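According to Swiss-Prot, the protein has these features:
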- 92: site 'Important for tRNA non-discrimination' (SITE)
- 177, 221, 365, 369: L-aspartate binding site (BINDING)
- 199-202: region 'Aspartate' (REGION)
- 221, 222, 223, 229, 230, 231, 362, 410, 411, 412, 413: ATP binding site (BINDING)
- 362: Mg(2+) 3 binding site (BINDING)
- 362, 365: Mg(2+) 2 binding site (BINDING)
């Protein structure tokens, strides 16, 4: 018996078959996407990860047995087609394949959980329930190919700039920033939590002498938000740098974003075309507005915002309409930022914290961090937190902690921006929110 892997071994992907191969024999493997039986001729569209190939079966040119094999094709069945390439202006890529052999690799059951041709639209929940099939649609898989390129570029950028990749625990004994947005779990006979952020570990790494570190990993927040931009499990890109100011950190973040956009523009044109989305690639430095300037902008548009308040949804919308594209917000009030954020040396009520925004969407938060043990200890107390809960973290600040800065960025939100997705669930393979824990 012929080995199944030998049977389905292709010579080309669909996007590699063009008019230049006319007259040649090719072998393609994929899923039956669509079937049109016009009586004297049958068209079968075969889909693989790179596109669609058309099988054309004219009854006058093929045996009855071959026509029977073609007509037996069932949607989403995997087949391997061997045949001759023939030019056809109406077919995908300008060619069709006249079959000489068809091998059925695996037959699909019917009915299908959703329509991969998208002639029948499916609700988001239906799509997520059958995510494996949802990703067979090229506009859906395009999002994850772009996300893959984004993460690949991010890693390359960090490696090129002398960063060391780290992996930090996701099971932790206490909150990173305090608060109640924690998922408690039972850790043998102790209470533990899923990590909100690698922040404390990144800072501890600054005491090791590695200077620059980054991590790409999951974070968990027990937020009850049920919005198009929040999830309870998310992917975060984090960086921390010794002997670098918040301005240096902002420059690193901007450089990374621009390199990601450039690489995606170069390497993902087909995917962007599948999404019918045009990249927004800034050529100028990202604008910077202070927190106080944000208040003036928001209030001038009849949305109330007072000093010491975070941006609410109405304020974000107004700011996004005013600023457009990518921009930084700086000089946030110290009182509303985490305990580890360094106050401004000129005015302690203002901090060194910054946010990177894209229109009305927050992408990243960062700051210069406090490196002085006594100041850090007092800031923990000022936030009504117990320093004893941070004993191991604080220890790293007793023996020569360098001044340092860093940031964390939501990779899923950045994917939304790059792909034009309106719902963050579109950018995560198996999203987790308050209503969804499967698949």
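These residue numbers are counts, starting from 1, taken along the chain as shown.
Cβ atoms here come from the backbone N, Cα and C positions, even for glycine.
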Summarise the region 'Aspartate' (199-202) by DSSP state, stating how many residues are helix, strand and coil.
4 helix, 0 strand, 0 coil
With every protein chain in view, how many other Cβ atoms are within 10 Å of the Cβ of residue 411 (ATP binding site)?
23
For the region 'Aspartate' (199-202), sequence-distant contacts whose Cβ falls under 8 Å of one of its Cβ atoms, 6 or more beyond its ends:
166, 168-169, 176-177, 213, 215, 238-240, 338, 340, 390, 393, 406, 408
Sort the recorded positions 92, 221, 369 by C-alpha distance from residue 362 (ATP binding site) and give me just the closest.
221
Restricting to the region 'Aspartate' (199-202), report the mean pLDDT as a whole number.
97
Which of the three DSSP states, helix, strand or coil, fits residue 411 (ATP binding site)?
helix
What is the maximum Cα to Cα distance, in Å and rounded to a whole number, among the residues 221, 222, 223, 229, 230, 231, 362, 410, 411, 412, 413 annotated as binding ATP?
18
Just to confirm: which same-chain residues, 6+ apart in sequence, have a Cβ under 8 Å from the Cβ of residue 413 (ATP binding site)?
229, 361, 362, 363, 424, 427
Here are the binding-site residues: 230, 369. Which has the lowest count of other Cβ atoms within 10 Å?
230
